[in-house]
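Okay, so here's the structure we're looking at.
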Amino acid sequence: MDKTKKTSLKNCISKIWKSEILSAITLNLLFLASILVFCDVKYEVSDDFVMSAILSGAYGGSLNPHLIFINVLWGYLLTPFYLILPEISWYLIFQLLLCFLSFTILSYMLLKKLNRSMALMVITLLLTVFGSDAYILMQFTKTAMIAVMAGSLVFLWALFEQRSLRIEISAAILCVIGTWFRFNIIYLAGGFLLFILIVEIVRVWKNETDHRRFWLKMRKIISAGLLLILVVTGCKLFDDYSYNKDPEYKYFKEYSEARAAIVDASDYGYEAYAEELQKIGISENDYKMMRNWNFADNEVFSLDIMQKAADIIQDYKKNVEISKEVIIEEIQNRGLQGYPVFLACVVLTILSIVFQRKNCWTAIVIWGIGFAYILYCFLIERTVYRTEYAVFLGGFLTLFYFWEKLECENKREFIEYRRVCVIINTVCLFLQLPLYLPDRSYQDVDSWGRKEYIENTFYESWNYKASKYRKIVNKGAKSEELINEIETHKENLYLLDFQTMMQVFYYDWNPWKAIPTGEFDNVLYLAGVTTNFPDCNQILQTYDAEQPLKALINEKVYLVDSEWKTLDQKVQYLQERYYPEAKAELYKELDGYQIWKFSKE
């Protein structure tokens with residue numbers, strides 16, 4: 001019996017090893033399983049948490065597919081799952097699934113293109129560096145780049161190598177869904193994909209002596225490509241239509257665009273824009289309120305004023321010259337060379353020189369494109385890790401796209417190259433081990449220390465920090481006192497200061513669990529990405545707080561803020577705009593969070 005079992009197991013392993021698709025699925029399943037078992041999956045930024053809350057109906061009485069940053073089609077796709085099992089965060093699960101499918105189809109392509117040992121080496125490097133980053137710190141921009149690049153690369157490979165229609169369609173679907181997550185990611189992926197397209201067309205031109213057959217092949221490729229572009233564009237137009245057809249959602253979208261143009265732009269200080277801002281009635285304190293995410297007054301910070309302020313800030317930026325010395329210094333200070341994703345790209349480049357001499361010239365062009373993207377980010381002074389991750393991922397995937405099966409002249413050469421592959425695999429897996437040793441320091445943190453525990457590691461969501469990946473946030477003490485205060489006093493409206501709460505408080509909710517419908521029916525951010533979102537406006541109307549800043553003096557309205565952040569700006573704003581004697585008094589302090597009560601005298 002034991003012998004029979006061993007034989008069956010051996011046959012099963014042999015079947016998986018011989019099948020590229022089964023090998024790809026097995027490898028990726030094992031890797032994802034190890035992440036789920038040993039690591040603490042969490043959202044890298046609060047935007048994903050907010051979108052998952054909107055989808056589950058936490059801000060209203062029903063599910064809402066309008067996900068702010070992600071195409072409404074994704075919301076419609078996930079809605080039935082919330083109706084079937086409302087306790088589960090399908091938003092997180094399907095984002096993990098999209099990454100898994102993307103890495104799996106890339107692994108399949110590599111196993112088809114390369115020698116087995118070489119393919120396993122590249123897959124290991126891809127998963128241990130880029131995969132672990134994407135799985136442990138989920139973020140929709142990173143997910144979008146993974147899906148778009150994976151889908152596009154395999155789509156092009158299937159077209160030019162004349163693979164099955166099933167592969168083409170699967171890859172195209174991944175690409176389309178990737179654009180749902182962040183449409184503008186196509187501009188980041190576009191440079192790499194255009195280079196691949198040019199090289200592939202030139203190769204076909206050189207290899208195809210019959211010009212008629214060449215144009216027949218090009219016609220098929222162009223037709224398939226145009227169809228994909230048409231579908232992507234159609235999905236984007238549908239998303240735009242879903243917002244524009246409703247006046248409330250249209251206003252929200254236009255307001256969000258103006259808000260982003262202000263808060264995401266470089267801050268040169270009020271004096272730089274003073275003359276123009278004063279013309280539209282924006283004082284120095286008003287400007288600080290806008291820049292610090294405190295624009296919670298649709299009378300003062302109306303859509304028209306926000307759009308005009310955004311234009312003033314953007315026009316000034318166009319005339320600012322940044323010296324190359326400043327750019328170089330900023331790049332050095334950014335520490336890109338210390339990112340694991342950067343080091344993975346360096347390793348793959350060296351391996352390309354060693355194993356792929358015929359095509360190693362492509363590395364020069366690819367990293368030229370990558371450097372151009374990075375440089376552009378510094379020029380517009382918009383440097384965030386998720387964008388840098390996307391650039392390095394794009395370069396990494398494009399580089400291995402040009403790898404070909406290695407032809408060894410003799411057995412000794414084959415053994416040598418396989419030995420190198422084994423060494424690289426071993427090193428990658430060894431470096432992966434620390435991720436599987438979770439940081440247990442959360443066990444020493446009580447509810448009052450949790451805020452500082454989270455802030456010290458996760459507050460700067462725009463920066464890379466190695467400790468984020470090992471930190472545990474889904475276990476241990478939560479901010480129970482503050483949460484209990486909010487949940488047991490539904491007669492009150494609690495407004496949260498963006499800078500104090502946005503990158504901290506959401507870690508009190510387990511990302512695997514859906515936030516119950518109506519959970520946040522008495523708690524909102526004073527201002528943020530949800531400002532003027534219809535569900536949130538409905539909550540404000542319920543508490544007679546349509547102008548949140550002005551409503552701070554209302555009896556049942558409280559502000560969760562920090563004395564050392566922007567509280568003084570809010571007091572000054574109320575004094576300048578509405579109540580000359582306005583003041584703020586500390587009402588309670590719970591779990592390290594301060595709750596303030598405003599009065600007009």
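Each Cβ is built from the backbone N, Cα and C atoms, and glycine gets one as well.
Computed from a predicted structure; not experimentally measured.
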Per TrEMBL, which of 68-85, 338-355 is transmembrane segment?
338-355
Would you say the transmembrane segment (143-160) and the transmembrane segment (221-238) are touching, if the rule is that at least three C-beta pairs must lie under 8 angstroms and be 6 or more residues apart?
yes
Are there 3 or more C-beta pairs under 8 Å linking the transmembrane segment (21-43) with the transmembrane segment (387-403), counting only pairs at least 6 apart in sequence?
no
The transmembrane segment (21-43): which same-chain residues, six or more beyond its ends, come within Cβ distance under 8 Å?
15, 49, 92, 96, 100, 103-105, 107-108, 111, 120, 123, 127-128, 131-132, 135-139, 435-436, 438, 469-475, 506-507, 511-512
Same chain, outside the transmembrane segment (338-355) by at least 6, Cβ under 8 Å from its Cβ: which residues?
118, 121-122, 125-126, 129-130, 133, 362-363, 367, 370, 385, 388-389, 392-393, 395-396, 399-400, 402-403, 406, 417, 420, 424, 464
